[in-house]
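Below you'll find the structure, written out as structure tokens, and then a few comments.
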Amino acid sequence: METIFAQSSSFGKAGVAVFRVSGTKSLEVLKLLTGKSNFKPRFMYYQKLTSPESNDLIDNAMVVYFKAPNSFTGEDVVEIHTHGSKAISIMLTNALLNIPGVRLAEAGEFTKRAFLNNKFDLTAAEGIADLINAETIMQHKQAIRQAGGALEELYNSWRSQLLRIISLLEAYIDFPDEDIPESVLKDVTNTHKTLINTISEYLNDNRKGELLRSGLKLAIIGPPNAGKSSLLNFLMRRDIAIVSNIAGTTRDIIEGHLDIGGYPIILQDTAGIRGESNDVIEQEGIKRAIDSAKKADIKIVMFDAETLDSAVNEDITGLIDENTIVIINKIDLIPENRIFNIENKYRCLKVSIKNNIALPSILKNIEEIAENMAGFTETPYITNERHRHHLKQALVYLKDFNLDNDLVLATEDIRMTMHRIGAITGIIDVEEILGEIFKNFCIGK
């Protein structure tokens with residue numbers, strides 16, 4: 001394979017910039033850049049870097065050589081740590097490009113080579129990508145567990161059980177006249193039933209892992225002028241929505257990203273929902289608000305305490321479910337002991353966004369719902385639609401398995417189940433999906 005390189009750190013001004021080189025010419029590249037002939041693997045050296053063509057000094061750098069297979073990619077690898085300067089990065093990149101047999105790496109190519117050299121499986125590679133993209137503590141916990149091989153271990157345990165079924169049955173395929181012993185039939189049947197139940201239950205996870213990976217959508221809905229935009233600004237801790245006492249100020253969906261209790265929340269402030277409007281633009285805003293609420297994982301339904309009874313309508317209450325927080329805003333403007341009809345049906349939070357009354361309770365309720373929907377558990381969840389697709393197909397083959405059928409055909413159902421699970425981890429030939437997975441990595445990883 002060609003020797004590749006890339007800047008693994010961000011391009012720009014920084015304390016340190018890190019370049020990575022991987023391939024058979026890595027050590028030769030290091031010698032050309034430094035003029036030094038001997039490098040002990042896994043030792044850092046302070047060296048002058050010069051351009052092999054012009055002999056111009058590039059920088060004083062720290063360099064280290066990792067000898068195959070004891071490196072991230074499994075190949076010879078060199079890391080070069082320079083000062084974080086755009087000029088230095090450009091000069092070093094040009095110097096490397098001018099060395100024959102060395103080229104710039106494609107996105108995710110270092111991780112792809114590590115996978116091809118059996119450093120980890122595909123689920124761990126995806127975990128590394130998720131770890132790089134993690135923005136919250138809970139996303140980090142899920143990603144680092146996957147990168148550490150938790151999903152690989154789970155899926156391989158299922159493959160091992162399937163392999164055991166095949167090994168038990170294949171012993172009798174060549175001897176069709178012999179009856180399969182009762183003990184073998186019982187072992188196969190029990191393992192088969194257990195796997196069906198285990199994988200079925202695993203798939204019935206309400207997409208918790210995928211929600212945590214992508215973020216939970218939270219739609220703020222309610223009648224006009226209830227304080228929805230003020231709530232969005234409070235949650236975002238900055239003004240991203242226009243706040244006005246004029247009904248219908250918000251026409252389109254305004255979105256913001258938030259970390260609540262370690263859970264990634266995608267906030268959506270929507271247009272006020274009211275029964276009648278002659279404004280075509282406002283009508284479209286209301287339609288989008290309702291659509292947004294229907295697709296949301298969490299909903300906040302907000303009412304103005306002064307106009308609540310007249311503002312409640314089926315368009316709004318019809319959207320309330322178990323993952324909805326009902327908020328009565330502007331309680332500072334009404335008598336303290338007032339009870340609303342809506343409180344007889346739903347648990348409501350009484351707050352004042354403007355006067356900072358009971359606002360922590362909103363954050364607490366959001367976190368509780370998020371934890372219930374995407375909370376961290378001992379068993380690693382499915383984090384990727386690719387895994388779910390293959391597991392569903394595996395379950396189809398597993399359910400088709402029947403010992404009353406021809407033994408060869410029955411064994412083939414188990415083999416196809418193994419094939420589908422192997423496609424998740426990369427045990428089988430999966431060249432057609434590698435490009436799709438690794439293109440989402442950054443250059444230099």
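Each residue's number is its place along the chain shown, starting with 1.
Note: Cβ is positioned from N, Cα and C throughout, glycine not excepted.
Pulled from Swiss-Prot, these are the features on record:
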- Arg20, Glu79, Lys119, Lys445: (6S)-5-formyl-5,6,7,8-tetrahydrofolate binding site (BINDING)
- 215-371: domain 'TrmE-type G' (DOMAIN)
- 225-230, 244-250, 269-272: GTP binding site (BINDING)
- Asn225, Ser244, Ile246, Thr249: K(+) binding site (BINDING)
- Ser229, Thr250: Mg(2+) binding site (BINDING)
C-beta crowding around Asn225 (GTP binding site), within 10 angstroms: 23
Segment confidence, the domain 'TrmE-type G' (215-371), expressed as mean pLDDT: 86
Between the Cα atoms of Lys119 ((6S)-5-formyl-5,6,7,8-tetrahydrofolate binding site) and Ser229 (Mg(2+) binding site), what distance do you get, rounded to the nearest Å? 49
I'd like the number of other C-beta atoms within 10 A of the C-beta of Ser229 (Mg(2+) binding site), please. 23
By CA-CA distance, flag whichever of Arg20, Glu79, Ala271 among the binding-site residues is nearest to Ser229 (Mg(2+) binding site). Ala271
Look up Arg20 ((6S)-5-formyl-5,6,7,8-tetrahydrofolate binding site) in the DSSP assignment and reduce it to helix, strand or coil. strand
